[in-house]
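As recorded in TrEMBL:
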type     : residues : note
DOMAIN   : 3-339    : domain 'Acyltransferase 3'
REGION   : 369-398  : region 'Disordered'
TRANSMEM : 34-54    : transmembrane segment
TRANSMEM : 75-95    : transmembrane segment
TRANSMEM : 131-150  : transmembrane segment
TRANSMEM : 162-180  : transmembrane segment
TRANSMEM : 200-221  : transmembrane segment
TRANSMEM : 233-249  : transmembrane segment
TRANSMEM : 255-274  : transmembrane segment
TRANSMEM : 286-305  : transmembrane segment
TRANSMEM : 325-345  : transmembrane segment
Amino acid sequence: MKALTGLRAVAATGVVVSHTGVPDSLPEELAKIAQWGYIGVPMFFMLSGVVLAYNYPDLRFWEGRRTIRFYVARIARVMPLYWAMIAYCVAYYYVVGRHQYPVPLLQNVFAVQTWSGDIKVAQSYYNGPGWSIGVEMFFYLLFPFLIPYVARLYRRFGARGLVTLIAAMTLIVFALWTYFYLSGRSALPAADPGSAHRWLYRNPLCYLPIFVCGMAVAFLIPHVRGWSTRRHHLVQAFVFCYVFGLAMFRSTGPGWGTASYGLFFVAPFALVLVSLATDRGWMARFLATAPMMRLGVASYALYITHRWLVGKMPAAEFIEKGSGLVPYVSLVIVIFFLLLIAEGAHQYIEEPARRWIVRITRRPDVPSAGTVNTVADPRPLEPAGVVPQHGGGEARRA
């Protein structure tokens, strides 16, 4: 399942470009694609459901030690670098003499800022992308309680039951969008506590259906391994054309904006993920190449570090304001340094901290639950049919 590792690189890069901006001279259709780069966020959430369900299909919340190890592994995977970025922000505020925000700081430390109705608390004071880690932690908390029911549905009704579940989750997302659109809340500014941005874009509850879809996709993977390569080609081409075509030729208005938070992409993302998980098809082959795999390795580090750094890079201000080739050169320079910093953060903070936490919490006489890579984990999945050792101890997954 190497393609899913490369897919993380695409999702993270999309989010980055949506924040760096693009040159004004870029064709409008391509600029629209860049502006919608944030759709990588719901992709991350669905992919998280896929990987966790793939590695822990039989986890139960009442399993005691194994469940605790699961939680420790999740914290070890995402929190050290997340906390390091918060520490960096605090230190920066101190050095420049900027006012600190004690309550928002605590909310960020415990990754609950995304529940706040104040957009500054959720996305501005201490490393904006951190809000999505609060969503992920909510999913991790619920996963041992949800997976038994998804597994039971699969055992009883097979693939049809899972497809029905995905359809039901899509309907829930549609119902949420309909409510916010018809009530006029789609048109409210993002800073409004009642806005669609607050609820549909950054509230964990509204993303839960997307995460559950990912869990269902994990159980569907064996059912598509029998597809012909031609079918995988067609499925991947269809989703590619759908996503990029929709981004390029979309209309404007609050309805389109809020639908892009998830509604437009639930079913297409589920379809392409189940296909890519087989590592077959033209898109899967591209995503499984060495450069894409390498980018996927540091995708979490890129995602969690980029937002704060972009505003501190002198070259960034020339991306949208420069003339001639200057904006394009500036964009390349900014992305290059973001990738360089992300690689360093992954190599020297993220991975060492993860290994250390797992090591100190591991009891010698009990096999470790270790780490299960999530949407941001750098290592690819085990090949199909290979059971992760010790319940996911050193499992390779997307």
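Using the three backbone atoms N, Cα and C, a Cβ is placed for every residue, glycine included.
Among the listed stretches 34-54, 75-95, 131-150, 162-180, 286-305, the one sharing the most Cβ pairs under 8 Å with the transmembrane segment (200-221) is 34-54. The recorded stretches the transmembrane segment (162-180) and the transmembrane segment (75-95) do not share 3+ CB pairs below 8 A when only pairs 6 or more apart in sequence are counted, and are therefore not in contact. Between the transmembrane segment (75-95) and the transmembrane segment (255-274), the number of CB pairs under 8 angstroms, six or more residues apart, is fewer than three, so the stretches are not in contact. On the 0 to 100 pLDDT scale, the domain 'Acyltransferase 3' (3-339) averages 93 in the predicted structure. Long-range Cβ contacts of the transmembrane segment (255-274) within its own chain (Cβ-Cβ under 8 Å, at least 6 residues beyond either end) map to 4, 7, 36, 38-39, 42-43, 46-47, 50, 166, 169-170, 173-174, 177, 180-181, 186, 196, 200-201, 206-207, 209-210, 213-214, 216-217, 220-221, 224, 235-236, 238-240, 242-243, 246, 283.
Here the transmembrane segment (233-249) has Cβ contacts under 8 Å with residues 29-30, 32-33, 35-36, 39, 227, 264-265, 268-269, 271-272, 275-276, 281-284 of the same chain, all six or more residues outside its ends. Panel annotation: around the transmembrane segment (34-54), residues 1, 4, 7-8, 10-19, 21-22, 26, 132, 135-136, 139-140, 143, 147, 150, 207, 210-219, 221, 243, 247, 250, 260-262, 264-266, 269-270, 273, 277, 303, 372-377, 381, 397-398 of the same chain, lying at least six beyond its termini, place a Cβ under 8 Å from a Cβ of the stretch.
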